[in-house]
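Engineer: Here it is: the structure, laid out below.
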Amino acid sequence: MRIGIAGIAGRMGRLLAEEVTAAGATLAGGTVRPGSGKAPPSGAALLPDAAALFAAADVVIDFTHAEEAVPHATLAAAAGRGFVLGSSGLNAAQERAVAEAAQRVPIVYAANFAPGVNLVLALAERMAAALPAAQYDAEIVEMHHRQKVDAPSGTAIAMGRAVAKGRGTTLEEAGKESGRDGHTGARATGAIGFAALRGGQVVGEHTLLFAAATEHIALTHRSFDRRAYATGAVRAALWLQGRPPGLYDMKDVLGIG
Ligand SMILES: NC(=O)C1=CN([C@@H]2O[C@H](COP(=O)(O)OP(=O)(O)OC[C@H]3O[C@@H](n4cnc5c(N)ncnc54)[C@H](OP(=O)(O)O)[C@@H]3O)[C@@H](O)[C@H]2O)C=CC1
Ligand SMILES: O=C(O)C1=N[C@H](C(=O)O)C[C@H](O)C1
């Protein structure tokens, strides 16, 4: 399989290039943001633009920026290519456009490609179903490196969605309380709270806390190495071979959906 990497000079892009080769797939090359000034990793072909990337690859992996998600998904649909999307910070309209493209080609879109996180997401849903929202306040705390541009993290939002799903609702309906500051009023019952910390070079830490009057239960995941995301994304790309069109996530790839 020929795999192309969007943003191949980025933190994730470089690791993805290594993992494509380690998996025995063909690295079709990658793109670098125009004006970036960064060079692709040695040995990787630099492709002039996203259209050339989708022409050269069977599957494209994109860990760049939310604003690239729709143009890339649209190109995947037009070229009939598989697409693995890891960028975070997509808004609702961008997510809808990705889902629309997935009616024509198979797309894996996941907030986090590390296997352990996806297990935590599955557990979060089950715990939320068992712990009444009126008694157990769900709070999500995440910490990332100082360069991260979006908050809360995509993984934190996925955790919030898993909790809401376990409670038979959606994150929008449950209510998202994030960035509390000043006279916020008391916490709304059933709302899901988010707090984002940024500093140093933390790869990614997420804690989901269920806080009741008499007990706390916490699920914590810590990533120490971005390679876990890269191996997961390459696994997803290989898994796409022969799949029918559809919007899949990493739980589908791992068989824990
Ligand atoms: N789903 C998952 O498992 C994971 C998701 N992520 C997500 O992947 C994305 C990339 O993370 P990371 O590799 O750490 O970030 P980096 O900033 O290191 O890499 C992103 C690369 O994409 C390039 N790029 C292309 N188009 C754009 C654009 N429109 N705006 C900004 N950059 C662009 C950047 O260019 P330039 O260098 O010139 O700025 C950069 O080289 C983030 O959204 C992050 O949250 C990260 C890890 C795991
Ligand atoms: O930007 C990052 O670094 C990460 N982004 C993803 C997210 O927003 O959840 C995944 C991981 O936490 C690392």
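Glycine residues also receive a Cβ, built from the backbone N, Cα and C atoms like all the rest.
Annotation comment: TrEMBL describes 1-113 as domain 'Dihydrodipicolinate reductase N-terminal'. According to TrEMBL, the NAD(+) binding site annotation covers GLY7, ILE8, ALA9, GLY10, ARG11, MET12, GLY86, SER87, SER88, ALA110, ALA111, ASN112, PHE113. Annotation comment: TrEMBL describes 116-254 as domain 'Dihydrodipicolinate reductase C-terminal'. Here TrEMBL flags HIS144 as active site, proton donor/acceptor. Per TrEMBL, the feature (S)-2,3,4,5-tetrahydrodipicolinate binding site maps to HIS145, GLY154, THR155. Annotation source TrEMBL lists active site, proton donor at LYS148.
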Engineer: Give the number of CB atoms, excluding that of GLY86 (NAD(+) binding site) itself, located within 10 Å of its CB.
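Structural biologist: Step by step: centre on the Cβ of GLY86 (NAD(+) binding site), count other Cβ atoms within 10 Å, giving 25.
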Engineer: Counting Cβ atoms within 10 Å across all protein chains shown, which of the recorded positions ARG11, HIS144, HIS145 comes out on top?
Structural biologist: HIS144
Engineer: Within 8 Å of the Cβ centroid of the (S)-2,3,4,5-tetrahydrodipicolinate site residues HIS145, GLY154, THR155, which other residues of the same chain have their Cβ?
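Structural biologist: Sorted by sequence, the hits are SER88, ALA111, ASN112, GLU142, HIS144, LYS148, ASP150, SER153, ALA156, GLY204, HIS206.
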Engineer: Take the domain 'Dihydrodipicolinate reductase C-terminal' (116-254) and count its residues per DSSP category (helix H/G/I, strand E/B, coil), listing them in that order.
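Structural biologist: In the domain 'Dihydrodipicolinate reductase C-terminal' (116-254), the DSSP-based counts are 50 helix, 37 strand, 52 coil.
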Engineer: I'd like to know which of the recorded positions listed (ALA9, GLY86, SER88, ALA111, HIS144, LYS148) lie near ligand 2, counting only a CB under 6 Å away.
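Structural biologist: Checked recorded positions vs ligand 2; flagged SER88, ALA111, HIS144, LYS148.
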Engineer: Taking the Cβ of GLY154 ((S)-2,3,4,5-tetrahydrodipicolinate binding site) as the centre, count every other Cβ atom within 10 Å, in any protein chain shown.
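Structural biologist: If we count other Cβ atoms within 10 Å of GLY154 ((S)-2,3,4,5-tetrahydrodipicolinate binding site), we arrive at 19.
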Engineer: Taking only the residues in the domain 'Dihydrodipicolinate reductase C-terminal' (116-254), give me the average pLDDT of this model.
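Structural biologist: A mean pLDDT of 98 is what the predicted model shows over the domain 'Dihydrodipicolinate reductase C-terminal' (116-254).
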Engineer: For a quick check of understanding: given the listed NAD(+)-binding residues GLY7, ILE8, ALA9, GLY10, ARG11, MET12, GLY86, SER87, SER88, ALA110, ALA111, ASN112, PHE113, what is the maximum Cα-Cα distance in angstrom, as an integer?
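Structural biologist: With GLY7, ILE8, ALA9, GLY10, ARG11, MET12, GLY86, SER87, SER88, ALA110, ALA111, ASN112, PHE113 as the binding residues for NAD(+), the largest Cα distance is 21 Å.
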Engineer: So, by DSSP, how many helix, strand and coil residues make up the domain 'Dihydrodipicolinate reductase N-terminal' (1-113)?
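Structural biologist: Tallied per class, the domain 'Dihydrodipicolinate reductase N-terminal' (1-113) gives 43 helix, 23 strand, 47 coil.
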Engineer: Among HIS144, LYS148, GLY154, THR155, these being the recorded positions, pick the one whose CA is nearest to that of SER88 (NAD(+) binding site).
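Structural biologist: Among HIS144, LYS148, GLY154, THR155, GLY154.
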